Structures are given as structure tokens and as C-alpha cells.
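**Q** Here it is: the structure, laid out below.
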Amino acid sequence: MTRPFNFCAGPAVLPEAVLERAAQEMLDWHGTGMSFMEMSHRSSEVVATVEAAEASLRRLLGISDEYAVLFAQGGASSQFAAVPLNLGGGGKPFSYVNTGQWSAKAMAEAKRYGEVLEVAAACKELPRAIPEQDAWLSADDSAYLHFTPNETIDGIEFHWMPESKAPIVADMSSTLLSRPLAVDDFDVIYAGAQKNIGPAGLVILIVRRELYGRAHSSCPSMMNWEVTDKAGSMLNTPPTYSIYLAGLVFEWLEAQGGLAAMAERNRKKATSLYAAIDGSEFYGNPVAVADRSWMNVPFTLADAELDKVFLSKADAAGLLNLKGHRSVGGMRASIYNAIPQAAVDALIEFMQDFEREHA
Ligand code: PMP
């Protein structure tokens, strides 16, 4: 069976080798006669699998013991509340960089728990850009500085690291594992799994343990990072099957040569797609060149009337889920780790044919 190319922003395509392995192991995991999802989370097999997934992630990102690696539930959105609840015990304001729709959602949720300071916002005019940090308000006296390194909807990405005396918290849902990362520059990293990691619902957290003790007294145990850490991410029944799948993805990444190899591939994919967009009068991208995302590439057609035809022809050509987010319109190609260069090449060829027919 040939599978179509799926450019969905999330839940997104997973490596085929991982899906095949999961399929093979579905009815009888490692000779146990059970599916992994049928096994007790307290069994030695499940505990060892969760530990192996954590160890693999630690190798991939070079995460030291100063940081906890946690598997949580409730999607990245539940961390929008967990961040102020875990770090806001001292009553200081919460600082946010507002670069797009996911930052705005995180900020709106934090307002429920304290004072929010918007230290900077991406400009609304085209091309959209992230202001340099010199132009930001200072977050130094805040409980933390939150930013979204990659805005999945807007296609805006930081290619530099903000600095602050306040702990730095990053929603890396759509960019974690796309390239190597200096984890030590961050204090908290969280990511919903459904892009580069595994099934929706699971959240990966990397938390500097030094920050424990700052939680608000009303922080629910299930959202409390210190409590989750002490329970080995098993305070309640964790999403064992999702963690198992994430572990297979981590193993796959290691076999591909790790994150340096992924960065090389991802850079090539993004460069070729942006070159095709920039090389044409027919297609446009709304983001400043320096701030363009490697993972989510929004693009518009010269005439929005053609959007529907573009999408239906793309579908027929096996290029799926290219519709831009409903709030933005246009197109968006999400080109996560599991999208091969061949998918991007096929998209570029399709775009060029479409332009010849319709320009
Ligand atoms: N943050 C970012 C950057 C995202 O892309 C998404 C999902 N697209 C979310 C948060 C929300 O994730 P979830 O649906 O897992 O809550």
C-alpha cells in the first residue's frame, strides 16, 4: 500500500516504520500474549518501557539529571494552566511573548491565575516578524518568561534564544525534536506529542528540578510537576500506549542519526519549499525570512478564489491536509520529522504545475 503524503499540522504523520512495528506488536507484545495497552502500568514490563523511552529522549536531547523528564496528559493546553500554577506561588507577574495564536491562548489561560505582562508581540503587518529582544519589556522580575519557539498556526519561529533572569518556559509543541537543542538554556520545556512525538493527549515535559517549591497552593496534584516527578509520571494510570509509541519514535530518531541528522533533513525540506514560494509571483509567505518556521509553512495563492481548487487537486494528487488554519486561510504545509524530502518535492512539483495552469 502506498500512503499519501499527509501535511497535517497535528495530529500528524508518524514514521511508517514505527507504525509497522506497533502493528506487529499489537496483539502480542514481546511474547507476553498481550497488547502493550492491556498491561498493568505497575508491571515491570511497562515501567521498564517508560524508563527506556525517557532514557532515549535524554540521549537525543542531552538532558542532564538537573532536569526531570515527565509524561503528562491533557495536551499542551493543560500546561497553559500548569505553568502559572507551578511557578506562580510567589505572586510575581507572569511574562509572555505573544508571537501568535498559541502564545495568545497560553497568555489568556495564565490570566486566570495572576497578572500577565505581555513583554513583546509579533508585528501584525506583513511580513510578520518577531521583535528583537532590545525592544521587549523586561521579564526579570516575573515568575517566569513564557514563549512559543514555533507558532504552529502562524508559521513563525524563533531562530535565537531569548534571555532573562526569570525562568524561561517554552511551549515547543511543534518544534521539539526537529533539531538539537541546548536544553540548559531553558527552565521548562513542554510539548504536546501529536507532531514530532506520538499520539495526541500525551505531553512531554522537561523541568529544571531547582524550580520545585514555587507552586501555587491550589495547583492540582495531577498538574504538579514535582508531585508527578516523585511518582515517576505514574501518579495515576498514565497513557501507557502513547508513551510506548513515543518511545518507538525516539528509538527511530536515534536510528536515523539523532537530532543533528533530523536538523539537516528539516533544513533542506524547509529551504526547498520556501525557495519555491519565493521564486514564484503566484505564491506568497506572510513571515519575515529570518523568522520562518522549519516545521509549519503557511502560503497563500495570488487569488484566494483558487484555494478550493488547489486543495481538491492536491487531495487527488495524494497531498493531504494542506488547508491553512481556519483563522488564517490560505495553505499550510506541516513538514515534521516523518515527512520525507520526497513529499516536499512532490508538493513543489504540484505547486509549479498548478501555477502553470492557473496563473
Ligand atoms: N501549543 C502549540 C504550539 C500547538 O501547536 C498546539 C496544538 N496545535 C497546542 C499548544 C495545543 O495542543 P493540545 O491540542 O495538545 O492541547
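Keep in mind that glycine also has a Cβ here, set from the backbone N, Cα and C atoms.
From a predicted model like this one, the values you see are computed outputs, not experimental measurements.
Feature table excerpt (TrEMBL):
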- Arg42: L-glutamate binding site (BINDING)
- Ala76, Ser77, Trp102, Thr152, Asp171, Gln194, Asn236, Thr237: pyridoxal 5'-phosphate binding site (BINDING)
- 5-347: domain 'Aminotransferase class V' (DOMAIN)
- Lys195: N6-(pyridoxal phosphate)lysine (MOD_RES)
**Q** Taking every protein chain in this structure into account, which of the binding-site residues Ser77, Thr152, Gln194, Asn236 has the most other Cβ atoms within 10 Å of its Cβ?
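**A** The residue with the densest Cβ neighbourhood is Thr152.
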**Q** Roughly how many Å separate the Cα of Asp171 (pyridoxal 5'-phosphate binding site) from that of the residue listed as 'L-glutamate binding site', to the nearest whole number?
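**A** Asp171 (pyridoxal 5'-phosphate binding site) to the residue listed as 'L-glutamate binding site', Cα-Cα distance: 30 Å.
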**Q** What number of additional C-beta atoms lies within 10 angstroms of the C-beta atom of Thr237 (pyridoxal 5'-phosphate binding site)?
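**A** Taking all protein chains shown, Thr237 (pyridoxal 5'-phosphate binding site) has 10 Cβ neighbours within 10 Å.
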**Q** Does any of Ser77, Trp102, Asn236 have a Cβ within less than 6 Å of an atom of ligand 1? These are the binding-site residues; tell me which, or none.
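**A** Listed by sequence, the hits are Ser77, Trp102.
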**Q** For Trp102 (pyridoxal 5'-phosphate binding site), what is the secondary structure by DSSP, using just helix, strand and coil?
**A** helix
**Q** If I take the alpha carbons of Ala76 (pyridoxal 5'-phosphate binding site) and Lys195 (N6-(pyridoxal phosphate)lysine), what is the distance between them in whole Å?
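**A** Pair distance, Cα basis, whole Å: 11 Å.
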**Q** When a 10 Å sphere is centred on the Cβ of Ala76 (pyridoxal 5'-phosphate binding site), how many other Cβ atoms does it contain?
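**A** Counting Cβ neighbours of Ala76 (pyridoxal 5'-phosphate binding site) within 10 Å gives 28.
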**Q** Quick one: pull the CA-CA distance for the residue listed as 'N6-(pyridoxal phosphate)lysine' versus Thr152 (pyridoxal 5'-phosphate binding site), whole Å only.
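**A** Pair distance, Cα basis, whole Å: 10 Å.
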**Q** Roughly how many Å lie between the Cα atoms of Gln194 (pyridoxal 5'-phosphate binding site) and Arg42 (L-glutamate binding site), rounded to a whole value?
**A** 25
